[in-house]
Amino acid sequence: MHGLLLAAGLISLPLHVLAHPQPSSTSLAGRAVDLNEYRIGHRSSYTSNDEMMKQPSIASFRAGTYVEVATEMVKQTMPNMEFRLVDDHYIGQSGIGHVRFRQTMHGIDIDNSDFNVNIGQDGKVLSHGNSFYTGPAPESSPVQKRDFSDPMQALHGVRKALNLPIKAEGATVENMSEHKVMFKGTSGALSDPTAKLCYMAKEDGSLALTWRVETDIGDNWLLSYMDAKDTGKVHNVVDYVAHATFQVYKWGLADPTEGNREILTNPWNLQTSPLTWLADGQNNFTATRGNNAIAQYNPDGGNDYENNYRPSPKNLKFEYPYSANMDPPKTYIDASVTQLFYTSNVCHDLYYMLGFNEKAGNFQVNNRGQGGKGNDYVILNAQDGSGTNNANFATPPDGQPGRMRAYIWTRANPPRDASFEAGTIIHEYTHGLSNRLCGGPANSRCLNAIESGGMGEGWGDFYATAVRLKPKDTRKTNYVKGGWVNNSPKGVRMYPYSTDMSVNPLVYTSNNQLNEVHAIGTVWATMLYELLWNLIDKHGKNDGPVPIFKNGIPSDGKYLAMKIVMDGMAIQPCNPNFVQARDAILDADKNLTKASNKCEIWKAFAKRGLGVGAKFDPKNRIGSNEVPKECK
């Protein structure tokens, strides 16, 4: 019998390198460069299903396959526009076809101009999102005129502008494909930097030709859009890092204060991990490695992980001693790696059941012919030496491994290990979920605007909080985030998650005073906590570790909330705002349950100021407590 010995904890951190559980500025580690200055602005629109019904010629359009319907819809909606089909379309678990297009100009991508079309189960257009550029086009191709700088100048430009620890003296340029090169012979990055020629649509309505320089330096995995003529000018920056028997803290325990470790035998779900957690279809492993994840000790914080230490008991008994009083942390590294491996694999299995499968871009080496791109398990680094008091997750596009770094927290004596706070690990893994779903598996750049980035943090907190609910909890139950690992009863957020406005007063217009993604994420997660309890009060709460489905719909309110929030991620446009994400959740429920929860959803958002009349303006959001007349 195989078994796993694990421990689960609860903390919330970013995931793309997404990190920093407490409100702080988003900066390059140790380099005093504020990446918020270079965030991509909000340009997308979202046409909900209700709005689609007002356009009957499009709403009723059918032209063949779901991809053909979507393609023809874009042609009709955006005539004379040049675009290409992105190769990551799929039909999700809820029956919605997701098709995405990238706008091009003279054969060159406009990297932040996307059109996503959602096709309902009836073969008609359900909704769509659009951030296509509609301004003046360059008269001729810059490639024909060679109207751009050498890509090496762009690499030097980003090194200087962002103070990156990359040395490129003597480096050479190798062609990878049309408009894309790789820099060989550099040092300081974890992989060879690359540069791709592309356009960027600016908030002022102009179009900039840029070199998109990709540099992975560990705590930051950057896409820097450098002006193709003035290579010292940075237009935008995207960071992919947002910021057997197992003896573990069982799933549902937020941290070591909520229970004791148990020995679990074969804890995997064969429906979602048919190869188990310790095999990939080619090899059977006796260490913390398998199809979904590979976990190891990483004390130096480096990128090499294959040969790092990981527990490998000959009898597959991953049973190791741990207590919160043990010190130093390396004395319990076996328990730490095991717990991290366990929690991440359970995340994989639960999210798979809710719709984050191979076609949707999940993290697996072997996709077993089920769609998507493989060879992308999650690299899990326990007690990572590259930082403290944090955790982060890097989410490159489908087909490239995700990377989670769990750090030691020094705010208690002895220090505490993030691997044992399940909330932190669930939060980080959820960054991988949201970045793969929003924008599609091939595009991990769709949660980079300040409000969409905030929702990325909020989703992490929401799923971590939903998982930790206890049988006796009610809507009066409050939860803090990251309390144990931070050694603070207040946790790492501004307020506890609560449906009591006197405990947590956050509303939509609170965002007008906030400019940091974790703070904005707390507002979003607060709204989702209201939604969670509205649905639990209506449908009840399944306290088991997996959902029970009836006709493809979770039968209880907790898992139903997790399901429609996840479906909404895939429906919404690239870089959505709160209003668009709310509408996407409403459309997800309409598709899944025929809008049977419409009023519960509206009342949750309206209570926190995101009602019918709410309007997005990055400088002056307008709140509303109104619900549709049929919900009054």
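All positions are counted from 1 along the displayed chain.
Cβ atoms are placed via backbone N, Cα and C, with glycine included.
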Candidate set Asn284, Asn486, residue annotated N-linked glycosylation site in Swiss-Prot: Asn284
C-alpha spacing of Asn284 (N-linked glycosylation site) relative to Ser434 (Zn(2+) binding site), in angstrom: 30
Pairwise Cα distance for Thr430 (Zn(2+) binding site)/Asn284 (N-linked glycosylation site) [Å, integer]: 27
Around the Cβ of Ser434 (Zn(2+) binding site), the count of other Cβ atoms that are within 10 Å: 30
Pairwise CA distance, Asn591 (N-linked glycosylation site) versus Asn284 (N-linked glycosylation site), rounded so that it is a whole Å: 40
DSSP three-state assignment for His431 (active site): helix
Recorded positions: Asn284, Thr430, His431, Asn591 - member with fewest neighbouring CB atoms within 10 Å: Asn284
Whole-number Å value for how far His431 (active site) lies from Asn284 (N-linked glycosylation site) (Cα to Cα): 29
